[in-house]
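Have a look at the structure below before the remarks.
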Amino acid sequence: PCGGCSSRRERCKQRKVKKRLTLAALLYLLFMTGELIGGYVANSLAIMTDALHMLTDLSGIILTLLALWLSAKSPTKRFTFGFHRLEVLSAIISVLLVYILMAFLLYEAVQRTIHMDYEINGDIMLITAAVGVAVNLIMGFLLNQSGHLHSHSHSHPHSHVPQSNSPNTAHSSSHGHSSLAVRAAFVHALGDLVQSIGVLVAAYIIRFKPEYKIADPICTYVFSILVVLTTVRILCDTGVIILEGVPRHLNVDRIKEDLLKIEDVYSIEDLNVWSLTAGKTTAIVHLQLVPGSSSKWEEVQSKARQLLLNTFGMYQCSVQLQSYKQEMSKTCASCQSSSA
């Protein structure tokens, strides 16, 4: 098939993924609201903490949809890299919101543990927890289907070498990113299922053994730890992106070694690697050619771009070349005179 056919087929698949993720987000939102109401009526912190954990997954799906939408937006004169960093900003805001709510629930759990002056409606808690298990089963099935729908088309996301600003490059990277994000959402849904089962067990205990109501704040403590474990990675990754660090899956030394293996490359003057957002890595490299090979600069540049785009999966790259220049002293006349 030609490039146009492949592009239309990929857009069709992407629309299906967006529909499934949107449906999953709506289900998460509806049941999260239901859990908050059910937890409040039942006076159960465990139910509300489960809703808080669900909020982290809802945020992840919204960020995935945001990334898919931003990948189709063209850069502007003011934002020449596009709007990919909005995804990072949204991630930080959502995590901070989760931490604020978690701190409130932990405070209430500590108060309940100390004073034990509370009553829990075991029937409502049991019903809400049972519905939670059912909803998470549906979510797991829905997200797993979207993962299968999309995963078969990404075995070679960079099988050709377009220009760095080509729509095909952005299209391939956004698909790979969305596929990974959908799989991550599926894993989170499985984690939610385990947590909902834990809430269901606690609800069963409290319903038939009200004297063991301490199980409710204990669930809050355990689930709060789970929330921290699932969000601290997000904070670390967003921190690396904001500080323009090298993504964890790339090794700068390995990139330099492979670039130096290209014929007619004498040295690497400079190499910068950073991420615009998750899954979209950019690189700028400055290469010096061996003496007498200036006429082969197009071939060297093409090989360097193929290496960065195909082998290391860069979203964009810029390869600068210069002819061989003898190493000059980097100290100025003033420094030389002072050292003498």
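Just so you know, glycine gets a Cβ as well, placed from its N, Cα and C.
Copied over from TrEMBL:
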{"type": "DOMAIN", "residues": "21-243", "note": "domain 'Cation efflux protein transmembrane'"}
{"type": "TRANSMEM", "residues": "21-42", "note": "transmembrane segment"}
{"type": "TRANSMEM", "residues": "54-72", "note": "transmembrane segment"}
{"type": "TRANSMEM", "residues": "84-104", "note": "transmembrane segment"}
{"type": "TRANSMEM", "residues": "124-143", "note": "transmembrane segment"}
{"type": "REGION", "residues": "150-175", "note": "region 'Disordered'"}
{"type": "COMPBIAS", "residues": "150-159", "note": "compositional bias 'Basic residues'"}
{"type": "COMPBIAS", "residues": "160-175", "note": "compositional bias 'Low complexity'"}
{"type": "TRANSMEM", "residues": "180-206", "note": "transmembrane segment"}
{"type": "TRANSMEM", "residues": "221-246", "note": "transmembrane segment"}
{"type": "DOMAIN", "residues": "247-322", "note": "domain 'Cation efflux protein cytoplasmic'"}
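Note: the stretches the transmembrane segment (221-246) and the transmembrane segment (21-42) are not in contact (fewer than 3 CB pairs below 8 A, sequence gap of 6 or more).
Look at the domain 'Cation efflux protein cytoplasmic' (247-322): DSSP puts its residues at 27 helix, 30 strand, 19 coil.
For the domain 'Cation efflux protein cytoplasmic' (247-322), the predicted model reports an average pLDDT of 90.
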